[in-house]
Structures are given as C-alpha cells and as structure tokens.
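According to Swiss-Prot:
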- 594-611: compositional bias 'Acidic residues' (COMPBIAS)
- 60-97: domain 'LRRNT' (DOMAIN)
- Asn215: N-linked glycosylation site (CARBOHYD)
- Asn282: N-linked glycosylation site (CARBOHYD)
- Asn411: N-linked glycosylation site (CARBOHYD)
- 585-611: region 'Disordered' (REGION)
- 122-145: repeat 'LRR 2' (REPEAT)
- 170-190: repeat 'LRR 4' (REPEAT)
- 193-213: repeat 'LRR 5' (REPEAT)
- 219-239: repeat 'LRR 6' (REPEAT)
- 240-261: repeat 'LRR 7' (REPEAT)
- 290-311: repeat 'LRR 9' (REPEAT)
- 335-358: repeat 'LRR 11' (REPEAT)
- 361-382: repeat 'LRR 12' (REPEAT)
- 432-453: repeat 'LRR 15' (REPEAT)
- 503-523: repeat 'LRR 17' (REPEAT)
- 524-545: repeat 'LRR 18' (REPEAT)
- 574-583: repeat 'LRR 20' (REPEAT)
- 1-23: signal peptide (SIGNAL)
Amino acid sequence: MAGSRGLPLLLLVLQLFLGPVLPVRAPVFGRSDTPTLSPEENEFVEEENQPVLVLSSEEPEPGPATVDCPRDCACSQEGVVDCGGIDLREFPGDLPEHTNHLSLQNNQLEKIYPEELSRLQRLETLNLQNNRLTSRGLPEEAFEHLTSLNYLYLANNKLTLAPRFLPNALISVDFAANYLTKIYGLTFGQKPNLRSVYLHNNKLADAGLPDHMFNGSSNVEILILSSNFLRHVPKHLPPALYKLHLKNNKLEKIPPGAFSELSNLRELYLQNNYLTDEGLDNETFWKLSSLEYLDLSSNNLSRVPAGLPRSLVLLHLEKNAIQSVEADVLTPIRNLEYLLLHSNQLQAKGIHPLAFQGLKKLHTVHLYNNALERVPSGLPRRVRTLMILHNQITGIGREDFATTYFLEELNLSYNRITSPQMHRDAFRKLRLLRSLDLSGNRLQTLPPGLPKNVHVLKVKRNELAALARGALAGMAQLRELYLTGNRLRSRALGPRAWVDLAGLQLLDIAGNQLTEVPEGLPPSLEYLYLQNNKISAVPANAFDSTPNLKGIFLRFNKLAVGSVVESAFRRLKHLQVLDIEGNFEFGNGSKDKDEEEEEEEEEEDEEEETR
C-alpha cells in the first residue's frame, strides 16, 4: 500500500501552495521579476515566476476526525496542511506531526519559535511567504531539525538577514522581496541538492555576499539576484547555472573571468545597470559557450561589445547610447535570430555595410527610435521582420530593399518620408511582404509600386488628399487598409478607388474630411471605420455593395435626426456593431452657404496641388 499511496501524495502536494508550475528544472515559487517580452522571445526566455511543484488540481479537504487539523485549516491524511490566508498571528500549535507540506502564506505571522518547527521532522515543503516575519522573529536555529526540508518559501516578508543555517536537503529557496543585506556561508553553502535560489528585490550589496556563497552547492541552476545594489558580479558562481539574473543593480564593469566557469549558462540578464564599453572586454562573454539569451539593454554602451558568444540566439542591446556597429562584431554569431538595437543613437553611416554579413538565421531586427537618416545598407538578407520606425529617414531609394527578398513585415512609420523621395521601384523585390506601415510620414499620395501581396497596409497620419487612380491596382490580397488621419475628401474617392481590393475586410478612413459614405466599397468588407469625419447623411443605398459588414463606426460625424435612413442597414444580416455616438446635435444637418463654399474652394485648391 505504501507504494500505491506515493503517487497520490505527490499529486496532492503544493497545488494549494500557489498554482501552476512553469517549465523550469527546479520547481520553486516566488515573485515574478521578469520584464514584459515580445512573443518571439518566449521560445528562449522562461519567466522568473518561481513556480511551485504542482502536483494536483484539487485542494485538500478538511480531514476526518481521525486527522488532527488546526482550526480554519485544510488537512489531508497524506500530510498536506493548508493554513494560508486565514489571518494567523501565531504559529499553529496543533499541527499533525506527520505534516509533510505546510502552507502558512498570506497571514500576519511576525515570529516563529524553533520548538514550533522542531517537531515537524517530516516537513518537506514550508511556505511562509507574504507574512510579517523579521530576522529577529526567525531565530538562527529555526530550521535546524528540518532535515527533510526541500522547498522553503519566505518571499515578501521583512527579513534583513538571511538565516545562518538552512537544511542541507534543500532544493529551492525563495527570499525575494525582503530587506536582506547579509547572506552567510551556510545559508546556501553545503547543499548538494540545491537547484534554485531567488534573492531579487532585496537590499544586497557586495559586502553582504560571502566569497564562497555556494561552496558545496555546485548544482544550482537558477540564481535570481535582480533589483539589489550589487556593483560586482558575485564570485565563484555555481558551474551548473543555466539562468542568471543580475538586472537592476549597479554593475559598472564585469571583471575578467567572472563568467569563465559558466559553460552551461543559457540565459544572462544584465539590463538596467551602468555597464560601459570599458567595463566589458573581448573575453567577458567568450567562455559562455551555451549562452542563447543575453540582455544588455538599458546600460551605457556606445558600441556593440566584441567577443560575444557564437551560440547567441537573442541579443538585447536596446536603450543604450550605441553609435556604431562595426564590421566584425556580429558576424561570428551565426546562430543569431533576434537583434534588438532600438532606442540608441545609430546613424546609417555608423552601421558598417558588412555588419550583418553571413547572419543567415537573423530574421528579426529592431532599429527603431534611432537617428537613421536613410535605410542602412547591407541589411540581413534573410530578415523577415524589420522595424525602422521613429527615425529621420526622408526617402526610400531603389536599392534599399533590393536584397531583402524574405521580408514579411516592414515598419517605416514616423519618419520624414515624402512622396517625391520614394522611388517607385523601392519595393519591387519584396514579393513575400505581408505588412507595410508607412504611417506618420509626409506622403501626399500613395506610393506607386506597392507590393501586390501585402495583407496589411497602414498609411495613417500622412498628408493624403486623394487616392490616385490605380494607386491600389492589383492588390487583391489586401485584407486591412488604414488611412486614418489624412486629408481625404469624398470628391477624391471615386467608386473605382477600391475596385481591385477583392479581399479587403477592414477599411479605416477615420479622421479625414469625408462628407458621405464612400461608394463602391468591395463586397468582402467586414469592418468600416468612418468616425471623426463630416458625414451628414446615410442614404438607403449607402451599404448596398457591402452585404457582409459586421461593424460600422460612424461616431462623431455630423449626422442629424432624419439624415440616417433606417433601411440602409436592413440588408446587413451580419451586422454586429453600429456605432453612431456623438452625432444628432446639428439640427437638421444643413450647412450654411458660406461653409459649403469654403469647403468647395479648399477641395479645388487641394485637387490643383495634387495635379
């Protein structure tokens, strides 16, 4: 019977302690200390949520009369006791001696006496997180007799000193979000089974860490020291580490050899420190032969560091002061797939034409929010996602994208691109392009030569006054078209403007100067955004060509009572949303003669300029 009960016991433990487990090697629990990541990073970056060893989806019910159980707690015959969140102010004194897994989280405990724990010699998991425990209230000998303890959770308390001694059987320890200033040699030392240690969000400085903090604990795989006051990388780190978090500290340099023994390290987080070019040398990262994820964002670097490991897949360098990418610093990293260089001080001349040569796996490049005055030459040939928004680019040349055949998403928004400076053949090679964003530029007309295979086209907040005949010709695969915030008038949108858009599902012409619902819209259209225009009427035939509409947005126009013909919507069998808020406040909707004449003159002037 003992063997048959072992699995149910394992399947009960710790679900009551905090929820689902994340895929880390050493199951632990604590606070999240991980930044918000883009979807592409999730393949390489596991969250810092310290998961518990989740072993069941059911909480233990209060045990039968034969099982002793403290008041308001839930107990099981297998030794699982849950006293979490019941406003305890004292350690429960009537715990069953066979307790294996004890949860006291989310209470008001301020102290624990050693004798209260000493009789629980079978205890394997102790969850004390989110209480009011102080170092004075947790004596050094508190855990002395817990020789079977594997998992200890003390996050979110008021500890200033770590316990001098912790049991040697520990697998995972969480001290996150305390006020720790001191770690002792045997706090984490001499624990061969220890796999994960969480110390983020404390007040640890270099002097508070012993030189041999993990002596005899060489199997630690996860170490989280983020958000402390460290100026140096801790010495003698465990060689088994595969995840090391040192972000949000005060690191200015990394001494030679700091990472030389960490050949198993896969993820290294160094963002939000004070690292400079001088603080890194050519060998800082060279021995990290397994490193796939490196985050150096939000430091003080002025160039891409040399000597980066060849194994890197994702490299964060954003939010520095980088002005140059030299010819040979990235080219050895043949596994690189994601390069994030946004929010730096890069100009096109600072990026060497050979900077990306040979990087055949590099498919995502972020260069936005820099000082690029043109598209850099020598872009990675296999790039699929290229973000160059928020720069100072004034034009697109014929050869700028001549070698990026695999490009699928191109964002050039919020630059200074004008229509005369955009070459008609600039996109001729982009036959795989699916998304093109030209919003926030200075375009007066839609660029000629738009890729025919684009699914999403954004030209919001430009200076478009008209859609030239044939501007959207051949774009049968276009699904979404955004023309928000331009100067488009109804006279400039003839029924032939949309004739080739057989697949269009979403059209956004909000924030223009339309006075009527556009004619000749494609039957495929499902969502039509017309808010913030000057539309004064909806006639009966307004939507005759668009029977598949699901959403019509007409808020904040000049519709008046009686100017909307109800029958206009009767044939729209799929209509789910009709938004006409912010209308019906203009009397009968008629304009005075002066206003009409003024608008006609403006239209004539703009049409003349366009010609």
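From the backbone N, Cα and C atoms, a Cβ is placed for every residue, glycine too.
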Fewest other C-beta atoms within 10 angstroms of its own C-beta: which of the glycosylation sites Asn215, Asn282, Asn411 fits that?
Asn282
Compute the C-alpha separation of Asn411 (N-linked glycosylation site) from Asn282 (N-linked glycosylation site), stating it in Å without decimals.
34
Determine which residues of the chain contact the repeat 'LRR 17' (503-523) at the Cβ level, with the cut-off under 8 Å and only residues 6 or more beyond its ends counted.
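Sequence-distant neighbours of the repeat 'LRR 17' (503-523): 460, 476-490, 493-497, 529-539, 542-543, 545-548, 553, 599.
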Write out how many residues of the repeat 'LRR 6' (219-239) are helix, how many strand and how many coil, based on DSSP.
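Counting residues by DSSP class gives 0 helix, 3 strand, 18 coil.
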Round to the nearest Å and give the CA-to-CA distance linking Asn215 (N-linked glycosylation site) with Asn282 (N-linked glycosylation site).
29
Rank 170-190, 290-311, 432-453 by Cβ pairs under 8 Å to the repeat 'LRR 11' (335-358) and hand me the top one.
290-311
Take the repeat 'LRR 4' (170-190) and find every residue of the same chain, 6 or more past its ends, with a Cβ under 8 Å from one of its Cβ atoms.
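Answer is 26-31, 33, 50, 129, 149-164, 196-205, 208-210, 212-217, 220, 224.
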